[in-house]
Structure formats: structure tokens, C-alpha cells
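Data first, discussion second: the structure below is written as C-alpha cells.
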Amino acid sequence: MTIKVAINGYGRIGRNVLRAHYEGGKRHDIEIVAINDLGNAATNAHLTQYDTVHGRFPGEVSVDGDAFRVNGDRIRVLAQRNPAELPWGELGVDVVMECTGLFTSKEKASAHLRGGAKKVIISAPGGKDVDATIVYGVNHGVLKATDTVISNASCTTNCLAPLVKPLHEKLGLVNGLMTTVHSYTNDQVLTDVYHEDLRRARSATMSMIPTKTGAAAAVGLVMPELDGRLDGFAVRVPTINVSLVDLSFVAARPTTVEEVNGILKAAAEGELKGILDYNTAPLVSVDFNHNPASSTFDATLTKVNGTLVKVSAWYDNEWGFSNRMLDTAVALAHAR
């Protein structure tokens with residue numbers, strides 16, 4: 001069954017979802033039928049074709065009246081502020097990828113259902129009212145046919161949860177603290193400007209900027225047995241893409257570097273293949289740009305002192321997450 005997908009909001013994630021679909025050789029039976037964005041269609045086509053972070057799109061993108069042509073496929077382009085007024089029913093949309101960052105609760109995202117869509121995936125942490133928060137590869141099996149609005153969590157939770165799952169299963173995670181060393185994003189500023197968060201008011205290009213994140217705590221939404229056991233914060237740094245999760249945790253029993261690395265290597269080669277990668281080379285952040293994995297565990301950085309464990313994982317915070325949006329869309333559409 002071909003799953004008809006619409007993208008609402010054509011920013012960093014919206015564009016990368018489309019690119020990932022085509023650059024991945026349409027590995028899923030998905031048809032992107034529409035894009036809704038208030039921006040000029042010609043500008044959005046140009047930004048799809050040419051990207052500072054991910055390079056030139058290896059295909060053709062053009063504007064054809066009220067549509068994009070992407071490698072010959074016609075994708076309807078809309079510019080409607082109110083999701084409830086979008087023609088999702090007319091277009092037969094199965095899943096809307098809600099990528100604006102504006103409709104992040106079930107109540108708000110349900111406007112797409114009133115427009116005729118069957119399901120919605122929010123490309124951000126959702127409110128407590130969403131039907132499920134999903135990290136593909138970790139808990140997508142909980143999806144049910146009755147789920148209509150779900151969250152794809154955050155890029156950081158998508159990196160952290162695949163690390164935590166096998167470690168908790170094999171060692172037991174008592175509690176832990178995470179720092180994400182995170183590239184700057186569009187919710188920061190180029191030069192100092194007023195912001196309620198005084199640190200986020202400062203230039204993203206000039207400083208390391210500590211700020212809050214709910215990514216660690218959100219693991220409890222994905223793995224309820226860990227609810228309340230993880231916390232952390234982010235340090236935004238002056239790089240444009242790729243981030244690093246640094247997790248320190250107390251294990252239920254003493255362990256070793258070799259055992260920890262072995263657990264994650266087995267997971268990367270087994271149940272989490274394609275979601276969790278395993279790295280042993282002395283690499284830096286740019287080497288993981290455009291990597292489709294949610295998380296790349298760096299075995300060279302593991303430290304252990306009895307029951308105290310530190311592990312690290314790289315992630316392309318744009319590309320990996322966008323690939324998981326596609327995976328989750330298929331899982332949601334096929335949920336029974």
C-alpha cells in the first residue's frame with residue numbers, strides 16, 4: 001500500500017524529509033503528495049536544490065504552476081495558515097508530517113485531521129496529550145491503529161534512547177545525566193538580540209551556550225521504566241550541524257569498557273542496525289554529516305569506574321531525524 005504523505009512546514013526538517021525520501025531511493029512505499037508552506041515556491045525549490053549543510057540535491061527540482069516537480073514527480077504546493085482548511089481529504093493524505101514547530105500538541109495538530117488527513121506525526125516533542133512519543137527502533141512497536149497524533153520526539157532523544165535501551169537491558173540503568181553538545185539551530189540568533197532566555201539572547205556564532213533540553217527526561221516517555229531517572233542540559237556550540245550526546249550513568253552492577261562497548265556493538269549489528277551505528281575511528285563532528293543513523297556510538301570515548309559509566313554518541317541532528325520521520329510514518333500507517 002502506497003502511503004500518501006503531506007509535509008506541513010518546509011524548513012530544515014521539512015526539506016530534509018523530502019530529500020531523504022528521494023536520496024534514499026524511495027526505500028519506503030511513500031508518495032509525497034503535497035507541501036504546505038507560506039514561503040515562496042520558487043525560493044523553497046531553490047533551497048531544496050542547494051543546501052549549505054547537505055550539499056546539492058542529486059536530482060531535479062522545479063516549480064510547475066501550483067506544484068513542485070521533483071525528479072519528475074508532481075507535488076502539490078499550498079500556502080494555507082490554517083491546517084483545518086487544507087485539502088488533505090481531497091488529496092487522500094494518510095500521514096501529515098507536521099514540521100512547522102507551531103502545532104506541537106494533539107489539540108493543535110488535530111486540525112490536520114479536520115482537514116481530512118488520517119494521521120499526524122509531529123516533528124518535535126509533543127504535549128502530554130499526544131497518543132504516543134516514538135523513537136523508531138526503540139518503541140515503534142507500541143503504535144496502534146487508533147493512534148492519530150504522535151510525536152517523533154527530538155533529534156537528541158532519537159540519539160539517546162538507542163544508546164540507553166541495550167545498556168539498560170544488559171546492565172540496568174539506575175540513574176543518569178546527559179549533556180548534548182549541540183550545533184546551533186534557527187531558534188538562536190546570529191547577533192545579540194532580546195530573548196527571555198538570557199543565554200539564548202547571545203550570538204550563536206561566538207559562544208558555547210548552555211541551555212535547557214527535555215531530551216533526557218523524554219526517554220521516560222519512550223521507555224516508561226526509566227521515567228524520572230534521566231536528566232540533562234544542552235550546550236549549543238558554533239557549528240552548523242552534527243551534535244554529540246555525552247551520557248554518564250550509574251549501572252546496577254560493576255562493568256568494564258569492553259563489556260559496555262560489546263553491548264552496543266551487538267545492538268548496532270542486530271536489533272538496532274541502521275538506527276545505531278558503531279564507530280572506532282578517531283573522527284570529528286563533520287565526519288558524521290549526512291549520516292542517516294539516529295545515533296553513532298563512539299567506542300573510543302567510553303569510560304568506566306566500577307558502576308559509573310560514560311558513553312558518547314554522534315548524531316546528524318537534521319538528517320538522522322528526517323530519515324526517522326519517514327520510518328515512523330510507515331510504522332504509523334501500518335499500525336494494527
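The backbone N, Cα and C atoms fix where each Cβ goes, and this holds for glycine too.
Sequence-distant contacts of C155 (active site, nucleophile), defined by Cβ-Cβ distance under 8 angstroms and a gap of at least six in the same chain, are S243, Y315, N317, E318, G320, F321. Residues or ranges marked as active site, nucleophile by Swiss-Prot on the basis of similarity to another entry: C155.
Swiss-Prot lists R12, I13, D37, R81, S123, N186, N317 with the feature NAD(+) binding site. Look at N186 (NAD(+) binding site): DSSP puts it in coil.
Annotated D-glyceraldehyde 3-phosphate binding site per Swiss-Prot: S154, C155, T156, T185, R200, T213, G214, R236, in sequence order. S154 (D-glyceraldehyde 3-phosphate binding site) falls outside any helix or strand according to DSSP and counts as coil.
The feature site 'Activates thiol group during catalysis' is assigned by Swiss-Prot to H182. Within 10 Å of the Cβ of H182 (site 'Activates thiol group during catalysis') there are 23 other Cβ atoms, across all protein chains.
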Sorry to bug you, but what's the C-alpha spacing from H182 (site 'Activates thiol group during catalysis') to T213 (D-glyceraldehyde 3-phosphate binding site), rounded to the closest Å? 11
Identify, in sequence order, the residues in the chain of S154 (D-glyceraldehyde 3-phosphate binding site) that are 6 or more apart from it along the sequence and have a CB within less than 8 Å of its CB; answer 'none' if there are none. A124, P125, T213, G214, A215, A218, F321
So how many other Cβ atoms are close to T213 (D-glyceraldehyde 3-phosphate binding site), meaning within 10 Å of its Cβ? 21
Considering all pairs of residues in S154, C155, T156, T185, R200, T213, G214, R236, annotated in the record as contacting D-glyceraldehyde 3-phosphate, what is the maximal C-alpha distance expressed in whole angstrom? 19
Helix, strand or coil: which one is R12 (NAD(+) binding site) in, per DSSP? helix
What does DSSP say about T213 (D-glyceraldehyde 3-phosphate binding site): helix, strand or coil? coil
